[in-house]
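I'd like to ask you about the structure that follows.
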Amino acid sequence: MFKGLSKGSQGKGSPKGSPAKGSPKGSPSRHSRAATQELALLISRMQANADQVERDILETQKRLQQDRLNSEQSQALQHQQETGRSLKEAEVLLKDLFLDVDKARRLKHPQAEEIEKDIKQLHERVTQECAEYRALYEKMVLPPDVGPRVDWARVLEQKQKQVCAGQYGPGMAELEQQIAEHNILQKEIDAYGQQLRSLVGPDAATIRSQYRDLLKAASWRGQSLGSLYTHLQGCTRQLSALAEQQRRILQQDWSDLMADPAGVRREYEHFKQHELLSQEQSVNQLEDDGERMVELRHPAVGPIQAHQEALKMEWQNFLNLCICQETQLQHVEDYRRFQEEADSVSQTLAKLNSNLDAKYSPAPGGPPGAPTELLQQLEAEEKRLAVTERATGDLQRRSRDVAPLPQRRNPPQQPLHVDSICDWDSGEVQLLQGERYKLVDNTDPHAWVVQGPGGETKRAPAACFCIPAPDPDAVARASRLASELQALKQKLATVQSRLKASAVESLRPSQQAPSGSDLANPQAQKLLTQMTRLDGDLGQIERQVLAWARAPLSRPTPLEDLEGRIHSHEGTAQRLQSLGTEKETAQKECEAFLSTRPVGPAALQLPVALNSVKNKFSDVQVLCSLYGEKAKAALDLERQIQDADRVIRGFEATLVQEAPIPAEPGALQERVSELQRQRRELLEQQTCVLRLHRALKASEHACAALQNNFQEFCQDLPRQQRQVRALTDRYHAVGDQLDLREKVVQDAALTYQQFKNCKDNLSSWLEHLPRSQVRPSDGPSQIAYKLQAQKRLTQEIQSRERDRATASHLSQALQAALQDYELQADTYRCSLEPTLAVSAPKRPRVAPLQESIQAQEKNLAKAYTEVAAAQQQLLQQLEFARKMLEKKELSEDIRRTHDAKQGSESPAQAGRESEALKAQLEEERKRVARVQHELEAQRSQLLQLRTQRPLERLEEKEVVEFYRDPQLEGSLSRVKAQVEEEGKRRAGLQADLEVAAQKVVQLESKRKTMQPHLLTKEVTQVERDPGLDSQAAQLRIQIQQLRGEDAVISARLEGLKKELLALEKREVDVKEKVVVKEVVKVEKNLEMVKAAQALRLQMEEDAARRKQAEEAVAKLQARIEDLERAISSVEPKVIVKEVKKVEQDPGLLQESSRLRSLLEEERTKNATLARELSDLHSKYSVVEKQRPKVQLQERVHEIFQVDPETEQEITRLKAKLQEMAGKRSGVEKEVEKLLPDLEVLRAQKPTVEYKEVTQEVVRHERSPEVLREIDRLKAQLNELVNSHGRSQEQLIRLQGERDEWRRERAKVETKTVSKEVVRHEKDPVLEKEAERLRQEVREAAQKRRAAEDAVYELQSKRLLLERRKPEEKVVVQEVVVTQKDPKLREEHSRLSGSLDEEVGRRRQLELEVQQLRAGVEEQEGLLSFQEDRSKKLAVERELRQLTLRIQELEKRPPTVQEKIIMEEVVKLEKDPDLEKSTEALRWDLDQEKTQVTELNRECKNLQVQIDVLQKAKSQEKTIYKEVIRVQKDRVLEDERARVWEMLNRERTARQAREEEARRLRERIDRAETLGRTWSREESELQRARDQADQECGRLQQELRALERQKQQQTLQLQEESKLLSQKTESERQKAAQRGQELSRLEAAILREKDQIYEKERTLRDLHAKVSREELSQETQTRETNLSTKISILEPETGKDMSPYEAYKRGIIDRGQYLQLQELECDWEEVTTSGPCGEESVLLDRKSGKQYSIEAALRCRRISKEEYHLYKDGHLPISEFALLVAGETKPSSSLSIGSIISKSPLASPAPQSTSFFSPSFSLGLGDDSFPIAGIYDTTTDNKCSIKTAVAKNMLDPITGQKLLEAQAATGGIVDLLSRERYSVHKAMERGLIENTSTQRLLNAQKAFTGIEDPVTKKRLSVGEAVQKGWMPRESVLPHLQVQHLTGGLIDPKRTGRIPIQQALLSGMISEELAQLLQDESSYEKDLTDPISKERLSYKEAMGRCRKDPLSGLLLLPAALEGYRCYRSASPTVPRSLR
């Protein structure tokens, strides 16, 4: 029907893009899908309704035509009822269409306006048909003096009341209904305007004013409804998203069995860093919108505040849950870390115990040295034991802080206390942070039952609680490990003593050694004792130093701890020095004693002890010195860290505490200057960061020395590295924040200046406008002049509207910029530490400057509007005055003419003239009478015509009343619901059929016309069609297989361990010694062991995954073969027909309809049950009300929060709860009291009162005849009332028309008077507006006073309640006792728990399926990293073919003969585990339904009891009144028994029917689930394909547009370059002429400088001679040394190694090794002080060479700036020594100062941060610098290219080319620092001009690469040329420069790449490679500055000279005026090496 729907595919509401699946929060994509489905159903329903309206219109036209013919032929009208019914149906459908089109506009349908136009056309046609209907069937003969009349005042008043009485909300459904009704009402009001424009009469002005008020009120209500709908929709979406996030946190398992804590932590950190701030901003935006709407007095304040409160509470609960999640994650991580470390300690203790049992039992016949060696090994074991002891002590300390997580899942055996982590308020349950509760029940893992301090029990989320530490199991395990450690220490001591004893026994001589030999050698014994003592003291020192080295520093006070250690270390060093002296003395004594060759056991042990002491002393000495260096470096580093942190924290605090921009004139400029000052201060503090990095390097070197020599890892180094990185990041973040804020404020200042200028101009113009007023003395000429001037002024005011709009636009832009500034400040503040963020002052929501600008904008708009209105009003006054003056002049002319005629005529003529005038007067009277008669005839004819035409709006009024009829409203809603339901079903079925048909046709056509491989991508997307259950089953089988393999591997590992233990228990031999040492050395590094185990496990897992993938391929092959054999005999055409038959199986449709009917019956039964239950509740309440209410004197008021409103609400709820509990207890007590009375009454014989019987029977008896008569009379009364109302309305209408007609006939000539009466006196609209504002002010004052009174009352109530607190607690306990029935509570908790368990199981299954699917995808992704890539590709290709074949076979439906599709589906769904879980779920569901049935049965029992009570009571009455019949007849008792039996039978049958309905419902659910799954997957696939097609088309269009733009820009750039070259050439020629004279002057100056230089050099030589002579007299020497040692990180382990070890292992090649050996040096600065001053010399102690610094300064190898940099410490001595020596290395990339890779840093691909990576030697070449600057041959100096161009030494084009070459090879070169900078950095440092930035940026892309717009990957320029993203002509010069300077550059790799390797890797094409290799064909685009000939870049490099200091290439150039002078100069210029 709609014309809009035929213009595109969007007609059915298909969206232009499909949201991505699996969004992080999930809500936006679901909303989008829901909106899309709703839009599709809406459009289909509208289509159906519009078609029906069209049919009704056509049928009505036919029937009206027939009845019109019958009326003309005077026959009876036949189709009046059918026509009226059709028109009513069309009106109902039109109402629905208006509602639907408004909803479609809100859902942003692209063709909503066209649909609305179509609906309006239908409405006009229906209106026209209604008019024809009334004209034909409702003809009315009116009297001739009565015409049609509409009482507009009453109609408009009714509409005004209807608009004012309109409600808002409170929900979205009601709001949508209200919007639709208002749209209909708005259309009616707009239609009234057309009638009122032509209204004429005395009340026309009043009615129009009333209509304007109505129109304003209607438009205001429409705007209010729209804004309310937008706000409520945003709140609803945000609430749903918050609820989903809360559900995820609450449903998480926080016990020790948590599935993936690391994944949850990553997800939480990602959400906290990237999503939390945006979500908070959206919530704050919604709150701000709500507050703004409330402040603006929005009529829907109630719904807005309700949603605001709900959103605020949900957001607070969500933040509290985030706190809970953080705490629970910390508990889980601490628990797991403790368990892992405990396992490690346990394994270490077991290993040590086994070693003690196996290794340290010496053989009886072993050699004598074996015990000594075992003692040495035992010392190593003792060190390991000491480490384990420290770890055990740490575990014991930490065990007291570990939370008992297993108790969260175990039921408490005894009362257990839990703490609340956060505040929680769910309405029913409130928790406070830090409160302690008692855990009652934790069977539900997600909701615990806890008991509060007051004894009340509540069910709260388990995530909000934590069980306080300690964990008994953790404490017990730590104690157990400590006991095991003590036992092991005792065992170690026993073994050590045994070994010492055996060593002493083995050293005794076996010959005739007398037993008293020891006594014969007392000196030997004394020396041995002294050596033992020295050995013990050295061991103690070693242990002390190792303890210092191993123990980490104190986290709170690292500096104090480190200073204390250094102080202790100094004492230890002094003690070690004294021990060394003592050792030397003892050594001399021992050597002297041993020279005498003594005998005896002590003498034999003495050499061994002496060697041991010497070795240990040397080791301890080295260890002590290394630790001292490490401690000093760490101390320096810690101080630097604190200094840097203090500096950076100061800047951060300044930024955080920055005040908002004030509303002052120069505030923006002041803020810019302040930011610039802070930026300068930050740059000044850069040295602090540099010192920090140098201190870190020194600390790393010291730690590396300690680790290489003693294998002692520094525990504090990783922490210090992290702190340094964090400080560096914070420093850069501060700089970025300052730059960003400065840029924003500068832009805002510029915009503010523009706004200020525009505002000032407009304000000045408005103030100086001419003020012309109308004066009574003004004549016609003055009035005309003023009128013309006023018209010009009005036109000028209208033309100034553009300036006002510009000012408004600038104001909005400026406010947005300031808002952005504040947002950036808030974002940065949130990213800092909480301490800084908390200390920051509270910033206002709107900046003062922003408020000032907003106020200025409002004042300007107000002033402009007032001036425009005043001038327009003055213009109207002038026009009115002009008209009045014209009339006055005309009347005066007539009067003067008449007076002149009368004075000139005679009396006779006056008499004749009077007769003639009388005759003429009579004739005029006759003519007037005739004209009046004709006028009356025409009026009568007009009246007749008016009576024939119906008034359309009158019928519209009736339609509105028809809509408001309550009975018709109810029937209309029911019919509407039925129509909507049927429309939805029809639309869904139609959409499914269309989608299925289209899909079948498309697949058939594609299968016939396309090749199979073209369907690969689509098949891959359809691959997800198999059921999740089958995938889960397969994955579970694979997991079981993996677990089995793990068990086999673990068993094998245990066997290997046993074999290893058996081998270790064997006798110790010589070979075993090496093995033991090796083992001890490896065992020290536990991280390496864990990494090796992880690598082995990963390799085994990879092998298992690959094997599983191959097995999966084999299974798929077997499955394909089976399917092919099964479907080999199937014909495709028959299958296609069978598909259609299966799709439209009538049996299934009948079954579906039958099931739907059964479902409807069950729903009706459920509704009946609900009604019965509600009736029971109502009756129960009636029974309760029969007792007097129990009013307690003390009410419970539990105050949980300080907020008075919350406190009042809680008090009300608790009072209500107490009241209900009291009522229940009272009712129960009353029932117990009444039961014996009831028995007594039943046993008694009632008395008889016949009088009351008669009265009651007559009063309560209702005869059916009487009821029918009453109903008939009521209907008749309603008809009479309706007819009277219609007659009354008709009477009022006719009277109004009569009065109007009389007034029209009574008017003679009052038009002029009525027009002149309308004057601009007081605007009634403004008066009403002022009155309304006054009323609002009064109401606001009343509300404020009421609020103050309410606050005062609440405060008084709060004080009263606080005084009554002690009494409330007692009452609370009593209330708790009288709560609900325990059995019912237990039954309810059990039911809710089982339901939650089932939901949790289902979610757990879904989570497992997702995890397994992710594991499968991860396994498939890991296959790509295997070495055999070709085999993998073949397997994937085969897998795609197999899956394609499977998909085709599965899509091919079976034949008629083979209906096995359902059987196959059943086979696929059958899985043992799944069936078991399904059966368990079904059993649980049956149990729950049984329990529900029991509850229903109990409800029925209660109903029966209540009925018995009521019957008993009623029987008391009845028996009391009719005792004779009831007491004597026993038939009633028999009837009652029979009814009870029937009731039991019906109950049993009903339960059976409910069971059958349950089974049918399950079958229906399964069928509907299956159908929904199929339809959803099909729609998703269709949407995905449509989206892909649209995306492809969009990208193609963008590509074509970009290509066109690129071509246009290329042409523009070429034209600009031509113009620029011409301009620069002309300027260069002019500058050359001007520079000739300047060059001559400079030559003279240079000659004078040369002479001065020669004299200064002569003076320096003389001073040197004098100083050398004086050196012999007095000389002092000061030495400063620095040794440079190069270490290389091993790529796998990260250990340091020397270059020689790296060369031996093959990590670097020989050339690199030689270069690194050359770089190693040991520089020493020797400063000699004499009478002539100081002289410094650099000495290389490695080679013995000396270099003088003064000589280097004289020879200009170094500059004074470099020497000062070295003295200040900014230049390392290694680099300074190279400069002084004048040595240039062939590669700058291997220098000590630049071990940083020169590869581009903008590449998104991952790069290795290690310089010496294994890929370094794969053909990558070194890069050399391009032409870096200009060598001035006239002054013998170097200068930059910018300076050379400025001096006209170099033409601009050549300078531009040289700069582009630098940018293309790594950056612009700074000649002073030899550093390279990017284009932007170079522009900031002044190395280049701003005019050439764009070309340099284009050249820089050759180094950094470009981003592929499609794949978002980083491409080199060669790849970009191949893909067509860049033209080859613009790229070729940059590639040529890269090739000439060392090789091409790939932004994804390090170093330079030769052309051949680049060609092999696909970086460049063959054609481009040939162009690059042909160097002779390079374009000569450079100009030689000296010879002015054209050069290529290669030739220019050949003519360059090398700077001796930096090795940079400098192009020779000279000023033209100096070439002759330099050639004739006798001084030979210094050559450049």
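These residue numbers are counts, starting from 1, taken along the chain as shown.
In case you wondered, yes, glycine gets a Cβ from its N, Cα and C as well.
So Swiss-Prot lists these for the protein:
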COMPBIAS  1-27  compositional bias 'Low complexity'
REGION    12-28  region '4 X 4 AA tandem repeats of K-G-S-P'
COMPBIAS  71-84  compositional bias 'Polar residues'
REPEAT    229-330  repeat 'Spectrin'
COMPBIAS  388-401  compositional bias 'Basic and acidic residues'
DOMAIN    413-470  domain 'SH3'
COILED    845-1135  coiled coil
COMPBIAS  891-902  compositional bias 'Basic and acidic residues'
REPEAT    1185-1226  repeat 'Plectin 1'
COMPBIAS  1614-1623  compositional bias 'Low complexity'
REGION    1674-2033  region 'Globular 2'
REPEAT    1678-1713  repeat 'Plectin 2'
REPEAT    1818-1855  repeat 'Plectin 3'
REPEAT    1856-1893  repeat 'Plectin 4'
REPEAT    1894-1931  repeat 'Plectin 5'
REPEAT    1932-1969  repeat 'Plectin 6'
REPEAT    1970-2007  repeat 'Plectin 7'
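Give me the structural setting of these features: burial, nearby parts and distances.
Mapped onto DSSP classes, the compositional bias 'Polar residues' (71-84) shows 7 helix, 0 strand, 7 coil.
Beyond the ends of the compositional bias 'Low complexity' (1614-1623), by six or more residues, the same chain brings 1853 to within a C-beta distance below 8 angstroms of the stretch.
In terms of DSSP secondary structure, the repeat 'Plectin 3' (1818-1855) contains 10 helix, 10 strand, 18 coil.
Long-range neighbours of the repeat 'Plectin 4' (1856-1893) within the same chain, counting only residues 6 or more positions beyond its ends whose Cβ lies under 8 Å from a Cβ of the stretch, are 1761, 1798, 1823, 1825-1829, 1838-1842, 1899-1900, 1902-1903, 1933-1934, 1937-1938, 1941, 1945, 1981-1982, 1993, 2003, 2006, 2008, 2011.
Sequence-distant contacts of the repeat 'Plectin 5' (1894-1931), counting only residues of its own chain at least 6 positions beyond either end whose CB sits under 8 Å from a CB of the stretch, comprise 1595, 1602, 1606, 1610, 1800-1805, 1856, 1859-1861, 1863-1868, 1878-1879, 1888, 1938, 1944-1948, 1958, 1962-1965, 1968.
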I need to check the long-range neighbours of the compositional bias 'Basic and acidic residues' (388-401): which residues 6 or more away from its ends have a CB within less than 8 Å of a CB in the stretch?
334, 338, 341-342, 344-345, 348-349, 352, 469-471, 474-475, 477-479, 481-482, 485, 489, 550-551
In the domain 'SH3' (413-470), how many residues does DSSP call helix, how many strand, and how many coil?
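The counts are 3 helix, 27 strand, 28 coil.
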Apart from its near flanks, which chain residues at least 6 from the ends of the repeat 'Plectin 3' (1818-1855) lie with a Cβ under 8 angstroms of it?
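Same-chain contacts beyond the flanks: 1621, 1624, 1628, 1631-1632, 1635, 1642-1643, 1646, 1786-1789, 1798, 1861-1862, 1865-1866, 1869, 1871, 1886-1889, 1937, 1940-1943, 1945, 1949-1954, 1957, 1981-1983, 1985-1986, 1993, 1996-1997, 2000-2001, 2003, 2006-2015, 2018-2019, 2021-2022, 2029-2030, 2032.
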Quick one: mean pLDDT on the repeat 'Plectin 1' (1185-1226)?
61
According to DSSP, how is the compositional bias 'Basic and acidic residues' (388-401) divided among helix, strand and coil residues?
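Grouping H, G, I as helix and E, B as strand yields 12 helix, 0 strand, 2 coil.
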Which numbers of helix, strand and coil residues does DSSP report for the compositional bias 'Low complexity' (1614-1623)?
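Counting residues by DSSP class gives 10 helix, 0 strand, 0 coil.
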